């Protein structure tokens, strides 16, 4: 945008373009949703003692970082975009340049700490007691904020309010352009690469452990089913063996009855009747 012929007053003023109205509506919507949502999370966890679990403590810290990002960073960014200049002074310029990456760093490393907590809970349950305490959770959160504060401290000295083209003011870095690439690489490593690598490695281990656990559980269920099936087959074989013996006994009884009918015709009915009673008792015990 060319501003060579514009005064400071002409440059630093709102222009009611469609693009600016869309930007304002988008920023306000995101701002309200972020502030209300994160504030509710913080209030609920702080008021409900039962909600202060280890995971919820980390989530509350995430809510704090998101709330800070919304309150501290979004309004100056919106004004700078729609006004096309910086209107908050040199001190806030340095503070804004420092707080924005600092809050993002705290948020990213909080996610990395949550990954550590999940890793120890699932992959190393015997050592997870170290992580499953509130004091340790608060200590890790303090470490996260120390890393965020120290890693971005140079931003306080790298930005200041300057004029551009002799007209409007802007909050811009004061280091030489040759160092711009080095700064971008540093910020990418600190804000993105390190926490991303940590989360990738830890959650990869968690996924492998869960897959192994599922496979072992399926194998155990199959083994139990196989044992049950074997027991059922054995029961069937035992019952079949008993029935075979019973059949043989019936056949032998029939032959004995025939012999008796030849030599003792008078007692045939009595003997056969006693055999039938005996077999009836055998069948009764088999069935019941």
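Placement of Cβ uses the backbone N, Cα and C atoms for every residue, glycine included.
The domain 'G-protein coupled receptors family 1 profile' annotation in TrEMBL covers 37-211.
Annotation source TrEMBL lists transmembrane segment at 20-46 (among others).
The annotation transmembrane segment is assigned in TrEMBL to 67-89 (among others).
Remote same-chain partners of the transmembrane segment (95-116), defined as residues 6 or more beyond its termini with a Cβ less than 8 Å from a stretch Cβ, comprise 55, 58, 61-62, 65-66, 68-69, 72-73, 76, 88, 131, 140-141, 144-145, 147-149, 151-153, 155-156, 158-159, 171, 173, 187, 190-192, 194-196, 198-199, 202-203. Residues annotated as transmembrane segment in TrEMBL: 95-116 (among others).
Under the heading transmembrane segment, TrEMBL lists 137-159 (among others). Remote same-chain residues near the transmembrane segment (137-159) are listed as 54, 57-58, 61, 93-98, 101-103, 105-106, 109-110, 113, 116-117, 131, 171-175, 183, 190 (criterion: CB distance under 8 Å, separation of at least six residues from the stretch ends).
For 185-206 (among others), the entry in TrEMBL reads transmembrane segment.
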